Amino acid sequence: MDADEVTIREQNFHSQVREYTICFLLFAILYIVSYFIITRYKRKADEQEDEDAIVNRISLFLSTFTLAVSAGAVLLLPFSIISNEILLSFPQNYYIQWLNGSLIHGLWNLASLFSNLCLFVLMPFAFFFLESEGFAGLKKGIQARILETVVMLILLALLILGIVWVASALIDNDAASMESLYDLWEFYLPYLYSCISLMGCLLLLLCTPVGLSRMFTVMGQLLVKPTILEDLDEEIYIITLEEEAIQRRLNGLSSAVEYSTTELEWELESVKSTKTKLERRKKASAWERNLVYPAVMILLLFVTSLSVLLVACNILRLLVDETAMPKGSGGPGIGNASLSTFGFVGAALEIILIFYLMVSSVVGFYSLRFFENFTPRKDDTTMTKIIGNCVSILVLSSALPVMSRTLGITRFDLLGDFGRFNWLGNFYIVLSYNLLFAIMTTLCLVRKFTSAVREELLKALGLDKLHLSNSVRDSETKPAANGHQKTL
């Protein structure tokens, strides 16, 4: 009996070591990729060899860690879905014995833990550490800045604690709820993370419909459009003359005329960009122009329509089936039953939809007017803006599994702290979320595909100068082929 107990303990030990090793390797890969992404956008002028350089380097490492956690949260649900299907297809395969329910649950718990750590500790520390200078009267240096940062974090924690305590008292004013707030680890942090997740889901509700309609424009800019009734050679000739004219004007101006020089340099960059796009369209093959672009647009339309259709089906399922709630039954478990009606094909389609919704939400986030200036630029993004972008992406990615389950994109049950959010059990909140998503996405798509018709109607009625259409306003500031901006 003692030998059996020792054998079981050894097996559990080796299993835990294997799981931790796999988690470490996966996170190391995500960290390296995140580091290259951030250094691609980080401003090179911030690289000095002094105290600020050390502070920037520490903030860079913390931001990289946060972005890696965000990537892990995005991959969490697709990895769990594909693992479930693999375990169903090869239940006795020796080479996939490491892929089990314990590993999946551990990944979900680690994602929840690191998301809380980054959101409430690391990112506030990075921001305050970057902005700190040390208290007056103390010797300047790293220690003084760390002391000021720790004091600011304590004050911020007290402020958030008071706000959440008052909010809980106003919403649920009973003795049990008030006493539970004193339990910091078991109730307060999950409750606070639940509020953050709800705000993230609301942000996704705002960004994703905008991003779904914006994806057509983004892909249209990346791909080569078909050439219909256009003479690219003539347009390239005109833009080349314009470029030479601007270059001659720049050479003729003195360095003292700073404003005119800056304006002409910006105009020259715009002309060069337009010329590059025209040359790319000219060099593109007929297959790329006439087949790839229509195929991609049709595929985007199909995936977007499928998303709306799944949400509509989920609304009907919510009205007739209680198990459709995100906080429903525990489910059959990992590797016991397929959660998709179409098996492996359905699971692959769910994964594609989840990634598509995430990309659309990021595109929609940076397309909103409030966050337009928040967009990172290559080699010209300050560390403060990088920290803000990492926090925003972390909130969106942490809410992605919750939104995917709430909308019925997948039936995979949320594990760990993700499935313990109180608002997931509220029928009216979940139903309203589905209705708003379907309505807003439909309206954004209708507005996108009818923008040209609305613009022509406004022009025909003489109302185009009243700025009643965003498409008209966008066309007024759109760069022309010669690099100048069109203005009414």
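Including glycine, each Cβ sits where the backbone N, Cα and C put it.
Copied from TrEMBL, the annotated features are:
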- 20-38: transmembrane segment (TRANSMEM)
- 58-82: transmembrane segment (TRANSMEM)
- 102-130: transmembrane segment (TRANSMEM)
- 150-171: transmembrane segment (TRANSMEM)
- 191-212: transmembrane segment (TRANSMEM)
- 291-319: transmembrane segment (TRANSMEM)
- 339-366: transmembrane segment (TRANSMEM)
- 386-403: transmembrane segment (TRANSMEM)
- 423-446: transmembrane segment (TRANSMEM)
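Using the rule of three or more Cβ pairs under 8 Å, pairs at least 6 apart in sequence, the transmembrane segment (291-319) is in contact with the transmembrane segment (423-446).
Counting Cβ pairs under 8 Å that are 6 or more residues apart, the transmembrane segment (339-366) and the transmembrane segment (58-82) reach 3 or more and are in contact.
The largest share of C-beta pairs under 8 angstroms with the transmembrane segment (20-38) comes from 58-82, of the ranges 58-82, 191-212, 386-403. If one looks beyond the transmembrane segment (58-82) by at least 6 residues along the same chain, the residues whose Cβ comes under 8 Å of a Cβ in the stretch are 26-27, 30-31, 33-35, 37-39, 42, 104, 107-108, 110-111, 114-115, 118, 122-123, 125-127, 129-130, 334, 339-340, 347-348, 350-351, 354-355, 358, 383, 386-387, 390-391, 393-394, 396-398, 400-401, 404-405, 410, 412, 415.
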